[in-house]
Amino acid sequence: MSSPFPPPPPPGLNYTAAIRPSLNFILILTPLGSILVPVILVLFFFSTKDSRRHPVFILNILACCSGIFEAGLNAALETKQIIYPNEPVSPTLLTAVIAFAIVSPVFIDSILLFRLLAFFPRPQTPRHTLAAILATPILVKCGRFIAVVLYLHTFTHSSGKLPSVLLAAQSTWPRNPYIMTEFILQMVDNFYASAFFLYKLYQFQHEGKTDTRSRTLISHIRALFLIALGNFIFPVIMNIASIVLIATDPSFINGSSILLSNNYVAILGVVFATIWTNRQNWNKRAISAPTIDNRMENSSFDPSSRRNVSTIRFDFAPYASNDEINSSRSESESDLAGASKKKEGMAGP
């Protein structure tokens, strides 16, 4: 019985058709992984000692490190496939590469839960409201995790035992129900997070009809909304493309390239979305005079006289312009002056 695959080449040689997929993955993942190195350096340089202990900062660093490790792991595997095509790949290494490719998006998207908490601070949000907000993303992430576990279970018992990474990827790609379920749930997860941006934008526009101060915030919110929405549009488009390819294209090369690239798009989107959204404080009382000075000290971008650059803080901070701050302070000073005169008038007689 003839084999559907050509015979192996002589030692030291390899087929061009066998090299091309591995080389493509190296050329895609190596630049994407290297981009995350300066991102980590920027996060550390613009952060403070206190902000580095915040969970959001730690999760962002872990997300960047997972992307770098995934790129290095894939580069090592694909390089071994090119140089030593006749040597079988370790099942453990092969499973680790596949696991990083499909588990990391679940972890990265989990960071967005902290972004939802930034929109609905726990001190100002009732427990039942917070539970209703987090119930859907938690259930969706549980479903994604179950789909990933079922896929890895079937992979380790079948495709993971194949001698080549290309054969293993090809055998598990076409119309895989677990991967398609993961892609669909990931789209639901991203759409749910984007819906809260729309809700908050509508809420501020509605309140801006009667509140003059909120009108000055709408332009900032619109800009933030467009930036954050762009961070979700690209992952959703890539998810749709991956679903179409896994359902129609029998080859895994194009779909896997989009899948791996989507992981790094999600990492960069989460990092920048977290920095921007954690600058926001959706409670308009934060602009009040008694707390404005204290809260500006905990601002996301804290221009200190002892630093030449601004520092990134990963806690809840007001998003007020200088005019709003100055008006708040003037109102506070006038109120204090009126109160002191009132006391003097009462004490005079």
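Residue numbering: from 1, along the chain as shown.
Heads up, the Cβ atoms here are built off N, Cα and C, so glycines get one too.
Database features (TrEMBL):
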- 322-349: region 'Disordered' (REGION)
- 23-45: transmembrane segment (TRANSMEM)
- 57-77: transmembrane segment (TRANSMEM)
- 97-118: transmembrane segment (TRANSMEM)
- 130-152: transmembrane segment (TRANSMEM)
- 183-202: transmembrane segment (TRANSMEM)
- 223-246: transmembrane segment (TRANSMEM)
- 258-276: transmembrane segment (TRANSMEM)
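Long-range neighbours of the transmembrane segment (57-77) within the same chain, counting only residues 6 or more positions beyond its ends whose Cβ lies under 8 Å from a Cβ of the stretch, are 25-26, 29-30, 32-34, 36-37, 39-40, 43, 47, 51, 89, 93-94, 96-97, 100-101, 104, 107-108, 110-111, 114, 165, 260, 263-264, 267, 270-271, 274, 314. Away from its own ends, the transmembrane segment (130-152) comes close to residues 95, 98-99, 102-103, 106, 109-110, 112-113, 116, 120, 122, 172, 176, 178-179, 181-182, 185-186, 188-189, 192-193, 196 of its chain (Cβ-Cβ under 8 Å, at least six residues beyond either end).
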